[in-house]
Amino acid sequence: MDGATESGAASSPVVVFKRKRGRASQGTSSTLTNVATSSQAGPSGASRAHSDSGSSRSDSESGSTVVIKKKRRSANPLVQSTGRVYRKLKLSGSLDGEKENSVDADESGDAGLTSSSIASSSLQKMREDATRNSDWDLDTAGTLKETGVTSNSDGLYRGAKSYASFTRTRDDGCSSKMRSRGPIRQTTTVRTTSLIDYQPDVCKDYKETGYCGFGDTCKFLHDRSDYLAGWQLDVLPNSSSRTRENMLSDPEDSDTEDDIPFACLICRKAFTDPVVTRCAHYFCSSCAIKRFAKNSKCFACGQQTGGLFNSAKKVLERMDKLKQQKAQLRREKHEWLQDPQPTHQLATAGDSDVD
């Protein structure tokens, strides 16, 4: 019976399970082989299985070894790279956009990068100073308070000014320049010129009526003279000395009788209510007013009239003389026509004169 059982066990087939899809890994196949060999009888099978497992372990150890060749680094400061920073970020597992773009000069170890970063930061500061608004210092102060840089979180007391404000005040200086605290920073792109003209502080009651209820205790000046501001003096036509002399002088003093025209230059007709400008040109009053409504310059020479048209005395005198001469000639002609002398009387008068 024992011999029959031994022969039956020796003739029993070995069952091996295989996957239908995919290739079986090396570890699985070696395990199945070890199971099959261990199921066989005899000490030779166990020793064979032990040797197979040792060889597979040595093969797996030799296959997992990775050799990395180190690249040679040159000490040239002109050669720059960001490989070390990228490798460090990849190992830490945080590859964000800000970390990829930021390159630390100390980590890279390049001398040229330090100088270029300093130059770029200075240029950026100049651009910010030129483009910032007038309340940039208040904005930075607000951000510092929000971030808690000036707070007493570390236990060190820094005074009442460093207290953290959790409520946003309306009068923070950023919303309106009229309510801002402290001086306003001047813009760098716009240049302004300010002209300040102070009021004379003259007592209005005393100037207009000559009486003030406050008497000597009035804080305003008691003077009835005319006080004008700077812009009012500039508007006046006689503000300059040259213009004042031109106004005080008579424009018709230097004119002779031959220089006086006999007709208006605008309407080309005889004068009707003639006027003269400061530049000694004669026009009709209606023509001069119509011309001034369209253009304030003189029609003859193009100088500024200033709206001053004086009565032309010499033209009026000349017109009166012409009228008197015409009237006298008309009178003489009329008298001569009314009292004609006969021809024989003229002849006898001539004969008597000859004798």
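Sequential numbering from 1, following the chain as shown.
Cβ coordinates come from backbone N, Cα and C, glycine included.
Features as listed in Swiss-Prot:
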REGION    1-81  region 'Disordered'
COMPBIAS  25-42  compositional bias 'Polar residues'
COMPBIAS  44-64  compositional bias 'Low complexity'
REGION    94-137  region 'Disordered'
COMPBIAS  125-135  compositional bias 'Basic and acidic residues'
ZN_FING   197-225  zinc finger
ZN_FING   264-302  zinc finger
REGION    330-355  region 'Disordered'
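Taking H, G and I as helix, E and B as strand and the rest as coil, DSSP gives the zinc finger (264-302) the counts 10 helix, 7 strand, 22 coil.
Shown for the zinc finger (197-225): DSSP residue counts in helix, strand and coil, namely 9 helix, 2 strand, 18 coil.
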